[in-house]
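Pulled from Swiss-Prot:
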- 101, 239, 241, 243: Mg(2+) binding site (BINDING)
- 101: phosphoserine (MOD_RES)
- 101: active site, phosphoserine intermediate (ACT_SITE)
């Protein structure tokens, strides 16, 4: 069955434009309540990030779910992985996240976790979609779901984060923490501080509009400057819903998801944890693959998206995977990507090696990689375009086996990502621009 509303990461779009409207979200809550309630669900959790529209959609979901006869527990602003954690520890049937992740405040989205703290399976999402086309009804008055807030959600999640790095002592470390004015603004700084670090908070004053604006993992420049200015040991950058992590070393150099994945995987292997292999994506730098190979760790590429990384991890029985963008998954700690937990795993690895971040990533050399996001409405079938095919063949000939090309439509935005990787940075950038120009003509 073709999906009508759910994309690769729930329902997402511009606030006020269908389907990100209060009336649709009301009905989505009702449909979810009907489907999950019929499966024996007693309650559904709702959490959100800090964008202004979150309050509106929280109310809509709350009304829809309770109209279907299912109880609701409101978590307030909380990182996406925190909602996943509480869904399973509070024995909820599902957790709903109101967030558009790293997108600006003008966007929002709705995604679901199942009772196990993992993304809701396709079968249930399709059941919910089917009900969205039916007439909404309300249960009898005595069966309407009850709603209450979970006042200690923040504290529960902070304690969980700390528990994933037992014995970690950050005394003597100075860490700049950029929470992107997002869901971790009142959580991540406290986690590191409670473990002994001196914390310099950055972008931790959300006003409903400034989420991800010139801050966080998508705009780490301010963090890079602040780390140098404060003479900090390192910096941590999260995104708006705190499931992504990038870091900055003491000199202000950005450390991406591929490099962090290497640090965590090597640490697991060196310290006797089960480490058969690592799952990356089609976008993962070839340098990561080479570095893991040198450590005797197998590397497999999944399609882009944490959903597909998780599928490969489950299929192979592995624990560690991630994306260049900073989605790191440590299934030996939690059930989904978690920026704060991932940062603690990196810090624990540095502590065990008695190294700084720059020294620890020196063993993974990233090949020059250029990516251009090409916007356009006509993404379907662009790979069959003759001009695009000819341009790709030409670029592959000129790379002469010393690089790779990837063209990939975004799952959440109207754009195509054009990526080229190779040994010579100037050549890579030139070829990427050439190919992007051809793609732009094809999709516009």
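Backbone N, Cα and C define each Cβ position, glycine as well.
Feature map: annotations from Swiss-Prot on the structure.
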{"residue": "101", "record": "Mg(2+) binding site", "Cβ within 10 Å": "28"}
{"residue": "239", "record": "Mg(2+) binding site", "Cβ within 10 Å": "33"}
{"residue": "241", "record": "Mg(2+) binding site", "Cβ within 10 Å": "35"}
{"residue": "243", "record": "Mg(2+) binding site", "Cβ within 10 Å": "31"}
Item to complete: Determine which residues of this chain, when 101, 239, 241, 243 are set aside, have a Cβ within 8 Å of the centroid of the Mg(2+) site's Cβ atoms, and list them as they appear in the sequence.
Response: 49, 79, 80, 99, 102, 182, 183, 238, 240, 242, 244, 339
